Amino acid sequence: MIILGLTGSIAMGKSTVARLFSRMRLPVFDADKVVHQLQAPNGQLLPAIGQAFPGVIDEKGVNRQKLGALLLQNPAGFRLLEAIIHPAVVEELQLFLRKNRSQPLVIVDIPLLFEAGFDRSVDYIAVVSAPHWIQKRRALARPNMTESRFYGLLARQWPDRKKRQHADFIIENGRNIIALAAQVRQITGCLVGQGSR
């Protein structure tokens with residue numbers, strides 16, 4: 001089994017690329033989805049997050065807007081939140097890999113692949129990248145996104161150029177879905193049939 005780590009900065013189109021891999025019937029581990037499930041009503045992380053960040057839990061689980069506002073006021077809280085979340089994500093990732101061990105290629109979609117050290121757990125890395133003006137336009141089109149929040153999130157991530165330097169594959173996402181799908185097919189063709197490093 002080859003493990004392809006998929007990453008990219010905010011609003012680069014990583015989720016679209018993950019869906020394209022999924023349409024090729026490749027198993028995709030979606031770290032964001034796992035985190036949402038862990039923070040949903042009855043999610044296993046609610047007690048720890050509620051204790052660390054009082055007032056952010058409501059009937060829908062973690063109120064992401066309240067939590068985000070707290071973290072913008074106190075960026076040191078990110079480390080505490082990551083210390084709560086990352087072990088649970090690792091556990092879910094290990095389950096996913098065991099379940100799919102007979103597959104020739106699996107995709108591990110983790111936004112903070114480098115920042116959280118998950119790059120050491122994959123065989124290859126694909127970075128989704130786009131021009132900054134496209135990235136910014138996409139980000140600011142999201143609900144509740146402001147320019148200051150966008151730049152605050154960017155500051156917590158490796159710069160795009162640094163991610164590109166550490167990538168085995170760079171997926172350019174500044175054109176159209178057809179060009180994007182062609183890159184996904186090319187990477188899949190390159191990796192399927194090869195062994196892991």
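Any Cβ shown, glycine's included, is placed from N, Cα and C.
Features as listed in TrEMBL:
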BINDING   Ala11, Met12, Gly13, Lys14, Ser15, Thr16  ATP binding site
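For Met12 (ATP binding site), the same-chain residues lying six or more positions away in sequence with a CB closer than 8 A to its CB are Val128, Ser129, Ala130, Gln135, Arg138, Asp160, Asn173. Taking all protein chains in view, 15 other C-beta atoms sit within 10 angstroms of the C-beta of Thr16 (ATP binding site). Annotated ATP site Ala11, Met12, Gly13, Lys14, Ser15, Thr16; additional same-chain residues within 8 Å of its Cβ mean position, judged by their own Cβ, are Gly8, Val17, Val128, Ala130, Arg138, Asn173.
Fewest Cβ neighbours within 10 Å among the binding-site residues Ala11, Gly13, Lys14, Ser15: this applies to Ser15.
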